[in-house]
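Below: the structure, in structure tokens.
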């Protein structure tokens, strides 16, 4: 890709390279959060399932800085250099993958209990309060519970019984963020130009958007996630995004005034990354252990499809030779944000401080979303522990 289309024998080669890059990127984007949720303790689960989002933002921040530095370069190296820089990362990442242990949940599902225990010992620091056999017993118990609840392992099973509800939640959470401002924010540089800012200021603000994204992730990690539930952060954040998007639309008649254009730009930056961390963390938490990878894949596909549709519409919204909505685009995405807010209020459950087997029971009992945080777990499921101890010896 770094060679540029001008040196490729045929334009379809560029399409083929883009397809291969997108396929690999999607594989890592769906595997990483699911894998993280299975190898980390409950207290760290949300941080590293959302780490994928942090990596995307860091990459976007680097790319925005590179593009800002090359904004005045009009020769072929103006686009070759950004592509070539991406060749650096596999040098570091491929060797690190060799040291990553297999997921204990995956090994238990394939009845490889000894290998699962070895993986747990690699993941746990030796400590008197940490017993790998006990951790293994909990994983086996969760797997047995899901078998008792008739949880399958195929994509079709994601749409059966109470798993259908879990798949719906993962899909809407992941895809909903795209239609609630992210498509708007992804085209922020073009939007900044349309509201009257010059190219240098627009690219600088694009760089600032990614910087604010990093800041927002750290705020989520240190000030929100430890103290507030996932549901609370998502619902309140979605309402705030809806309000800000509508304000951007209200200010549109005055965009010819520079302060108003800057106000719209700052609000666009502010809403860019507010919910992206939870957009990655929740789908990895919400699915059952036997269907987690498939649930995340389905949710990611919905996100990609939504992004394609939303990104295409955004081009028409902002193009002065098409619909030319400019700031009024905020009303469109703001309306979508209000719809997702209403859905989240009634359908999004609380997953904070809930183990995987507790979530299995709550979904199986069809507990309403607003009662997930306070619902108690009945003891009738504990009979599965008999088969768990039998399997673990």
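Cβ coordinates are placed from backbone N, Cα and C, and glycine is handled just like the others.
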Which range of 281-302, 303-324, 325-346 is transmembrane segment, per TrEMBL: 325-346
Stretch carrying transmembrane segment according to TrEMBL (options 51-71, 72-92, 93-113): 51-71
201-225, 351-375 - the one TrEMBL records as transmembrane segment: 201-225
Annotated transmembrane segment segment (source TrEMBL; candidates 148-168, 169-189): 169-189
Given ranges 12-31, 232-251, the stretch to which TrEMBL attaches the annotation transmembrane segment: 232-251
